[in-house]
């Protein structure tokens, strides 16, 4: 079972896997642990990652990058319209109103959704992980920014489903970093002590995120998060690009923005310059050859100029930091440490601003690039039964407050209730009770639209169906369970209607009593169990009680308040119903919970038909990529064979082919090379396979003759040594050598016979081989000689290595007063005289042992 964590960023991705030795960040086929989030489309296949980034300038219109923020957004979204101006590829609306990416693929114009593009990137990451782990990858944990809304998270899950990944959890970036930080800490305070507060700051390529986390031993709780979704390393690059565009326009009369390739080159050079300025404060040059119109351009900048240029961006850093402290009611003095991650935090001015705000040195103990991926892998290991991980509970926070709105039964007024406040513990479930006579709708939305970086505050509309009044005409109690799950997605998971069924008194047996008791708890204890179960995971049980108290005391919605007040009193009401009938002698009431279907109409969710179509399309593209790779491998094999033999035919292989064949083969190699770059440039795989077989028919015998000429003498030498060895042993046997006088003569004759036969065979083949020229096929191959050596050893070695039989010395009879043989016997006799009973060795004893002193020899 695979355990993989995927950090899917706007600019690059990282893959971390859990192994027996711990968490490891793995490298791709270019031995780079960083895989660019870039997909390039060609006439035959797709290229993803490093290879795609290398084509970004030459194939700008068909290379897609910086698409992460397009998830779950409509084409008319203001953010999409703004970003569209800076992209090298085209964005168009899809039929469902989403963002479509138009590219040329396989010689045709294609429209891909953002989910499909992300699925392509995940395909590459999955392939890289499988190549490293040597087994299929299915389960994983994927990171998302903490400010991603419900629609954006659902879109990422759809992308994972397209590629066949089972995403166990969508994990917030900052939560993953906190887990990676806390699980290895051995000095955390115990559960009954005050938690340690650590602030994590992450500035990546496109966003700035901060979070405050409370740590106890084996426990992590996210207290709050804050962010600026539009502040990242990309914005600093844009400042440099704007500066040099203006400079080049004045200095060289060149408008870099008029040509996308020139602009992309300038972006790449400005990014390099930004990184260099992080470690150098002196003036640094920027030089680009043949920038536009065959003109070379140059410029320079130092760190102080860069900081002055980005002063507006640097001022924005403090805004999320203030917001975080305000949300969590923390003071700067409460923060024990400040950890920074993310590539853009390497900018010295960014570090200085953060350190100045908190009034303490910032810590860089975590890997700035890989911390998120490692945290995701740890979370995946915790969720996986295949790994045993130290117990560590993770409680996340809801980034935006979520409310429900509904229409009152038989009334036009609407009821509103905030079910999850900002920074509420997650995952978490709550149960609401409604009094209804028929089906009703609930609409979920974000309570604070201004604080959500998404134009649509609505989450979805949920219709609770099959609701009916009680048989006596009273309203039915409908219990609705709302939940923010492990992915941070809001959902109405279940709905049930409490139905009262009257029963006859004579039918109320003891079994019915038990049934009544068993049916009643789902009304209240089941609710408590669900909430408590989630609370126990989240570790915030008192918060639910507080929320219930606040809800019961708040006057905005009388209907909901009265209903929620009924939940704690349900047991009392039921007790009255159970206790009263015997007094009044009325029919017994049995309470039954009826599950109700829920129809969900979400702001963003791919339909099953569309999702299946995307899965099928991705499968076809994966197969096409595989076929194209095999075709290219076959073509490269032909090209490699041509170059290899052309060099060796004029070198080591020259003696092993006759002159006429030599000239013909060289001519064929040249013709093949010309064919590869002309009509063979774009052929089917089988054409290259056939061409390689044609070359190998001539080249393989030459290569074999060369290899045989290298190996054959070594094998003959080894065979000669073995023959000489066994022949000498046979001669020593004939000369009555004591070493071999124990060997039977008939067996030694077998050795002599085998030696003579093999020696005769060797002489014959050596004489025959000597008559052959090097350009002719050998009489005998090295493998045949090796087989003869093995046969000779199998025949002779068991005979000549027979051990001599052991000669036993005669046993001497002992008399009671006989002399001692050696000191060891004397020691044993002394021990026996002191009353020690000697042990018998191997069950042997001397014939007169019973009549003599007890004595034994070791």
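Cβ atoms are placed via backbone N, Cα and C, with glycine included.
Source: prediction; values computed, not measured.
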Candidate set 554, 809, annotation phosphoserine, source Swiss-Prot, matching residue:
809
From 35, 815, name the one Swiss-Prot lists as phosphothreonine.
815
Say a student had to find the phosphothreonine annotation in Swiss-Prot: which of 58, 540, 561 would be the correct pick?
561
Radius 10 Å, atoms counted are CB only; among the modified residues 2, 471, which position scores highest?
2
Please state whether DSSP places residue 2 (N-acetylserine) in a helix, a strand or coil.
coil
Measuring Cα to Cα, tell me the gap between residue 471 (N6-acetyllysine) and residue 2 (N-acetylserine) in whole angstrom.
54
